[in-house]
Amino acid sequence: MCGSINFGRMMVISAFLRLGLIAYGEWQDAHMEVRYTDIDYFVFSDAAALVATGKSPFERSTYRYSPLLAFLLIPNLILHQSWGKLLFSSADLLVGLFVDIILKLRSVPETLRLLSVAVWLFNPFTFTIGTRGNCEPIVCAMILWIIICIMNGKVIQAAFWYGLVVHFRIYPIIYALPFVLVLNNQHARPRECILKKGSPRSGVTDPSSRARVVKPSTTSWKQLFCPWDLLRSNITINSFLFGLISGSIFFFCTALFFKLYGWEFLNEGLLYHLTRTDPRHNFSIYFYHIYLHHQHKFSLVEKLISFLPQLMVQLALIFRFAADLPFCLFLQTVAFVAFNKVITAQYFVWFFCLLPLILPWSSMKLKWKGLICISLWMGSQLHWLLWGYILEFKGQNVFIQLWLASLLFLAANTVILLMVIHHHKFSRVFSPSLSAPDSTDTKKLD
């Protein structure tokens, strides 16, 4: 593969593919009843038009994002209406670049690295996200850049971007604890990762070494039930700076836009995502209960019932896998989406951008277990969409069947998550004693 194509060619092909889709989207929007462009893109554009005239972006109904997004799309009015799509698609390409950088830092061989990057660049779901006008690639690129900064010992820069991305899209708040844990002295010494050109990397895995796999470290039960002991054993100057700076950036952005747009910003751009309950059908197992009771306020017990499973799974994954940072973030994101009260298809891109970072350390071959996982995930999703179609377009009362399909989708995600964990070779991001995969491991992606 490396003889016929290299990373530069992959990026050029990917760029032309995305440009072609953006051009096709303009044609479809103008000539066909069904639009190619995501409905949210029109919401973003309307919000940009409002801020350009000095008004609040939240005057546009259903705009529930940071005002930063509206400001970024002001060129839609000045240059071209597809500016935002070009911006999002550029971020999409940046994700591919950042995947390559991270895998290089972890000494993954070129062939396996290119295959992993291709999983993002040529995934039909991901290359259509940006071209349809969805802003998620920006968030994905920022998350990967934070990982790169941490691996290179740039704690202050990582903290700045983390505070910004949490303001921009609240869900990355789930990564706060693993970021802090990986910055402690036990898991990482960032200064050791800043190496001279040509020198061996002491802070990342070495492909020439085939050392035994070390099991993930776990946090003792005493620490779990004694938060002070846990904090004292994990707070270092790096983790303290990360928390202080990222928190300051988040609160600065929040205070700034609160000053400009008041409670409307706080309610629509931030609090809405923390308390969101969508009465329309979505992939979540909670949708039917929400649909039946959305006209009434939910009790504290009901809110805890939906929140506690998510919290427990997150803590279990963090304390078990935090040292293998990309793997931990991937597991967290899949679990967060699967157990969330609201699940839409755009949420899947949150973990698709992290998937290429873990593939080189998986012993799962595409044939057969890999195909089983893909088929199980796609099959459970298509099964849900079938009942959603019957409900939405045929008008038949199939809410129970749709809810059962949501349960099946959660079960499929859980099974896949367990299979991924079982076949993963745990590898600390900052450990010189663990091995990265060699070129012979490419057969698992064949």
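Using N, Cα and C of the backbone, Cβ positions are placed for all residues, glycine too.
TrEMBL annotations:
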- 1-25: signal peptide (SIGNAL)
- 137-153: transmembrane segment (TRANSMEM)
- 159-183: transmembrane segment (TRANSMEM)
- 240-263: transmembrane segment (TRANSMEM)
- 317-339: transmembrane segment (TRANSMEM)
- 345-364: transmembrane segment (TRANSMEM)
- 402-421: transmembrane segment (TRANSMEM)
Of 137-153, 240-263, 345-364, 402-421, whichever stretch has the most CB pairs under 8 A to the transmembrane segment (317-339): 345-364
Candidates 240-263, 345-364, 402-421; stretch with most C-beta pairs under 8 Å toward the transmembrane segment (137-153): 345-364
Within-chain partners of the transmembrane segment (345-364) [C-beta distance under 8 Å, separation at least 6 from its ends]: 95, 99, 102-103, 106, 108, 112-113, 115-117, 119-120, 123, 125-126, 129, 134, 136-137, 139-140, 143-144, 147, 171, 283, 324, 326-327, 329-330, 333-334, 337, 370, 373, 419-420, 423-427, 436-437, 441, 444-445
Outside the transmembrane segment (240-263), six or more residues from its ends: residues with CB under 8 Å to it: 56-58, 66-68, 155-156, 158-160, 162-164, 166-167, 176, 179-180, 183, 269-270
